[in-house]
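Features as listed in Swiss-Prot:
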type: BINDING; residues: His15, His57, Glu61, Glu127; note: Fe(3+) 1 binding site
type: BINDING; residues: Glu58, Glu61, His80, His124, Glu127; note: Fe(3+) 2 binding site
type: COMPBIAS; residues: 285-303; note: compositional bias 'Acidic residues'
type: REPEAT; residues: 311-337; note: repeat 'LRR 1'
type: REPEAT; residues: 338-362; note: repeat 'LRR 2'
type: REPEAT; residues: 363-389; note: repeat 'LRR 3'
type: REPEAT; residues: 390-417; note: repeat 'LRR 4'
type: REPEAT; residues: 551-576; note: repeat 'LRR 5'
type: REPEAT; residues: 577-604; note: repeat 'LRR 6'
type: REPEAT; residues: 605-630; note: repeat 'LRR 7'
type: REPEAT; residues: 631-649; note: repeat 'LRR 8'
Amino acid sequence: MAPFPDEVDLFTGPHWRMKQLVGRYCEKLSNTNFSSNTDFLALLQSLYETFKEFKMHEQIENEYIIGLLQQRSQTVFNVHSDNKLSEMLVLFEKGMKNNEYEQLNYAQQLKERLEAFTSDFLPHMKEEEEVFQPMLMEYFTYDELKDIKKKVIAQHCSQKDTAELLRGFSLWNKAEELQKVFKYSVDEKIERDSKNRKSSASICNLPPEVMLNIFSYLNPQDLCRCSQVNTKWAQLARTGSLWRHLYPVLWARGDWYSGPPTHLDNEPDEDWISRRKDESRAYQEWDEDADIDESEETGEDDPSISVAQREKELLNSLVHYILPYIGHSVKTLVLAYSSATSNKVIRQILEYCPNMEHLDLTQTDISDSAFNGWCFGACQTLRHIDLSGCEKITDSALEKLSVALGMPLAHKKRLLKCYRNNRTVKDIRNQMRCGSLAQITGESGIYSDYSSSQIWILNSGNLGDIEDAADWKFRTTDGLGVLEMTPNLTCFSNGCCSRAVPGRWTNVIRQEHCKAAPLNYCGHTLCGNTLRTIQALPGSNIGTKTLQSEIRDICPGSAKLDQQVARVLQFLSLSGCHQITDHGLRVLTIGGGLPNLEHLNLSGCLNVTGSGLQDLVSACPSLNDEHFYYCDNISGPHAATASGCQNLQCGFRACCRSGE
């Protein structure tokens with residue numbers, strides 16, 4: 001607010017003097033030695049004189065300013081009714097009569113009372129300047145205000161002590177001039193500093209980096225609570241780095257651990273597992289009954305059902321409210337021994353979390369359909385997968401896993417190099433007879449048990465001799481060379497080869513297989529797709545198409561996959577998955593095998609043979625024999641150094657000797 005003209009500003013000059021007195025007694029109060037009786041009495045005497053001047057000042061304002069204003073405005077009343085000046089004077093008089101033993105207690109009381117008075121007196125003066133001065137300008141004429149000011153100054157100067165301190169009226173006028181410049185600076189600075197302290201003290205105004213660091217110390221439950229405070233906190237609480245490791249089973253039971261999965265390496269005891277199985281059984285029975293009769297009790301009285309319900313609600317909340325925001329940052333998901341996990345929930349979680357590295361589904365009631373959402377390269381970063389005790393898992397799940405692990409760049413280059421060579425069919429066939437099949441296809445001879453002939457699709461402009469192709473069934477349609485499979489060929493019934501030949505794909509089929517394009521050229525030793533070259537369709541202005549160009553045409557995003565790592569799986573446990581066969585083991589060798597696999601547990605896989613094990617082990621060069629487990633009844637690879645079966649005398653997982 002701009003200062004009023006000097007001639008009619010009734011408050012600025014006297015208030016400047018009052019503020020000067022406040023500053024003086026505050027300084028004396030801080031410098032006084034209260035243990036010294038002399039200093040203490042000197043302070044009280046100074047305070048007594050100061051507050052007498054305060055009281056005189058208030059009396060002058062009441063008589064010459066506020067009293068006149070009340071006569072012209074009914075809104076002004078009781079302005080100085082609670083200034084506590086008289087009470088303060090009584091306090092000072094009482095202090096002068098105290099003895100030395102009472103001084104310290106009195107000093108503390110004095111400081112508190114002075115601090116309270118100061119906090120009221122300064123705003124009171126500011127109110128007079130900002131509220132009553134404009135009212136005076138409204139209800140009085142200019143000349144009337146000039147006369148009032150002269151009377152006010154005369155009354156203040158009539159006091160001997162005041163007149164001496166001000167050194168006459170001229171000094172007062174100089175003070176007024178200065179006050180016009182600094183009138184509101186002190187109070188505004190105090191108010192501004194107070195606001196700054198208030199705003200800076202608020203945790204909501206901390207930088208996002210600091211808030212994120214604070215949130216990193218919170219558990220998932222606390223993060224969810226913080227997300228309900230405001231929009232800013234909700235966004236920070238959904239930061240991916242805070243949700244790298246998910247343990248819904250533990251969280252549902254009150255354990256909010258969210259660190260790396262290192263402490264979960266040890267198997268729980270049978271009692272703990274038995275309790276989890278009882279929970280799952282009780283929940284399933286209750287769930288079935290609830291579907292039939294919804295009027296029955298909710299089952300909250302049963303602790304097992306209550307825990308399973310909490311787990312189910314927690315999983316649903318994760319899927320719907322958290323994973324859509326942080327799914328790409330999730331590295332670990334542990335659902336071991338879950339009572340409420342379903343195929344649908346797992347499928348949704350895996351779709352949201354493409355960068356998963358650690359997946360533990362031990363002893364859950366899932367089946368192959370849980371992995372239906374996996375397409376080519378969907379989990380290229382997966383390093384640890386534990387399916388122990390998942391009795392419904394079959395070879396189909398391993399096919400999906402092999403597809404989702406992708407294909408290493410080095411393996412792709414080797415296949416493409418094989419496509420680009422100009423060798424004749426006779427040369428290839430001769431090399432196959434010499435046993436160099438791995439050099440041609442990049443795969444080991446995993447299908448040596450089958451007698452089907454090798455089948456190649458070649459460019460129609462570069463066909464082999466009729467003698468070499470005598471056993472082939474080959475037809476040409478408008479210059480397009482397409483090789484049809486012979487009836488006696490055995491291949492995956494549900495695998496990547498049971499589909500139309502690439503040269504005859506329609507637009508619909510191309511769209512359907514777009515995501516899995518790189519595995520359409522699987523490199524199976526039976527399918528021989530590693531030597532396929534396709535001539536352009538009739539009417540096309542493109543020349544001969546290689547595998548690489550066809551992949552780019554069908555799935556333009558596949559170029560990015562070449563730059564990523566793939567098939568980095570290090571830990572695979574299928575313990576107790578008794579429906580797994582050699583076929584499931586062999587599909588894991590496709591696309592480059594498992595070059596980083598160190599831990600392989602096939603305990604309780606009753607339907608695999610030594611041949612299937614050998615094919616898989618040959619594609620796992622990093623396998624550690626100490627962490628290689630399979631049934632003792634199987635004559636398999638590394639029989640002398642492998643660790644054997646882990647499920648002996650195990651009451652909750654399949655084992656060929658469980659009856660012993």
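Positions of Cβ are set from backbone N, Cα and C atoms, glycine also.
Apart from the site residues His15, His57, Glu61, Glu127, the chain places the Cβ of Phe11, Pro14, Met18, Glu58, His124, Met125, Glu128, Glu129 no farther than 8 Å from the centroid of the site's Cβ atoms, the recorded Fe(3+) 1 location. The distance from the Cα of Glu61 (Fe(3+) 1 binding site) to the Cα of His124 (Fe(3+) 2 binding site) comes to 13 Å. Shown are the binding-site residues Glu58, Glu61; of these, the residue with the fewest other Cβ atoms within 10 Å is Glu58. The highest number of surrounding Cβ atoms within 10 Å, among the binding-site residues His15, His124, is found at His15.
Distance between Cα atoms for His124 (Fe(3+) 2 binding site) and His15 (Fe(3+) 1 binding site): 10 Å, as a whole number.
Non-local neighbours of the repeat 'LRR 1' (311-337) in the same chain are 238-252, 260-261, 264, 268, 272-273, 276-277, 283, 345-346, 348-349, 352-364, 386; each lies 6+ residues outside the stretch with a CB under 8 Å from one of its CB atoms. Applying DSSP to the repeat 'LRR 7' (605-630) sorts its residues as follows: 12 helix, 4 strand, 10 coil.
Here the Cα atom of His15 (Fe(3+) 1 binding site) is found 11 Å from that of Glu58 (Fe(3+) 2 binding site).
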